[in-house]
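Report on the structure given below.
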Amino acid sequence: MELATREKVNEVLFMNRGEGESSYAQNSSFTQQVASMAQPALENAVETLFSKDFHLQALNAADLGCAAGPNTFAVISTIKRMMEKKCRELNCQTLELQVYLNDLFGNDFNTLFKGLSSEVIGNKCEEVPCYVMGVPGSFHGRLFPRNSLHLVYSSYSVHWLTQAPKGLTSREGLALNKGKIYISKTSPPVVREAYLSQFHEDFTMFLNYRSQEMVPNGCMVLILRGRQCFDPSDMQSCFTWELLALAIAELVSQGLIDEDKLDTFNIPSYFASLEEVKDIVERDGSFTIDHIEGFDLDSVEMQENDKWVRGEKFTKVVRAFSEPIISSQFGHEIMDKLYDKFTHIVVSDLEAKLPKTTSIILVLSKIVG
């Protein structure tokens, strides 16, 4: 199955469900580290809203691509805590928080809402009562009424594309990115161009719909997987998909996966540079950039001395976010073998140390008028 349409991607793009060993809920520690690095930006965004003369009675906030797990709860707690702090400082009365949790229809909303406790949202008698609603659907379309959101947050979601890039087969129907699932050193220039073009189209669409939904001067905090280097085929940018492609190729060589399935599969994700992100925002013209920065974190927990333990932990993280979309192409029955092979490749690469993972923090304000 080629991920050539939005409909197909929307069906299979979600994190591993439940609370089992391979679930996203149990393997989201890396994205938790990323979110903690961006927490000051979120706190500052909430504080900024109180200085923009909104005359707030209720703050409407949305977490787009929320998945299911502790990271979502931390976002709610941070917003609520900052609102309570500002209310005490400004002596606000009857201020409420409405949080909308959004993701695609395949997301595990049951696990998400089962995890919501009074510790996260508090009770309705507190100084800032919190109300939480689920909003299933694609954030590449309209989700909310016009001028209704004060704050938009999204972590590690916007780098996912609506579909595999267009134009990755020749006129004769031959795969142009043969043996790979993402941009690599062996990919022809057309592959890089197609990925950037698809990201430009999708991110522009994302900004356009958010500009319709957000109030003037509303704040948006985005965290996305990105890259520091200029070259998108640099291993620092693409190593996860490169190693996964090697694991798939190993199973192809063993006759366990059809080679054509590998050649026709391209992951619908793009790790943009800061310059590319900034350029798209400026071209769109709906938002001002209040802050943009990139930072690197270790891809594997370096505190653990045993390289096999480190490799297995990294595999669980990758499996949690990649298995649904990978299994849709190569079959559920082969997944244990595939990720076992991936672990072996990761462990061998640990000898040379895996590259760090780059994330981008982007803080935007909607332009008035």
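Note: Cβ is positioned from N, Cα and C throughout, glycine not excepted.
Site annotation (Swiss-Prot, ligand Mg(2+)) includes Asp263, Phe265, Asn266; from Asn177, Asn208, Asn217, the additional listed residue is Asn177. Checking the candidates Thr31, Thr48 against Swiss-Prot: the one annotated together with Tyr156, His159, Trp160, Arg225, Phe321 at the caffeine site is Thr31.
Across the structure, Asn71 (S-adenosyl-L-homocysteine binding site) and Trp160 (caffeine binding site) are spaced 18 Å apart at their Cα atoms. Using Cα positions, the member of the recorded positions Tyr24, Phe139, His332 nearest to Phe265 (Mg(2+) binding site) is identified as His332.
Note: the CA-CA distance between Trp160 (caffeine binding site) and Asn177 (Mg(2+) binding site) rounds to 19 Å. Whole-number maximum of the Cα to Cα distances across the S-adenosyl-L-homocysteine-binding residues Tyr24, Cys66, Asn71, Asp103, Leu104, Ser138, Phe139: 20 angstrom. Remark: Phe321 (caffeine binding site) has Met15, Asn16, Tyr24 as non-local neighbours, by Cβ distance under 8 Å and separation of at least 6 in sequence.
Checked against Val317 (site 'Involved in substrate discrimination'), the binding-site residues Cys66, Arg225, Asp263, Asn266 differ in C-alpha distance, with Arg225 being the nearest. Shown in sequence order, Ser155, Ser157, Leu224, Ser269 are the same-chain residues outside Thr31, Tyr156, His159, Trp160, Arg225, Phe321 whose Cβ sits within 8 Å of the Cβ centre of the caffeine site.
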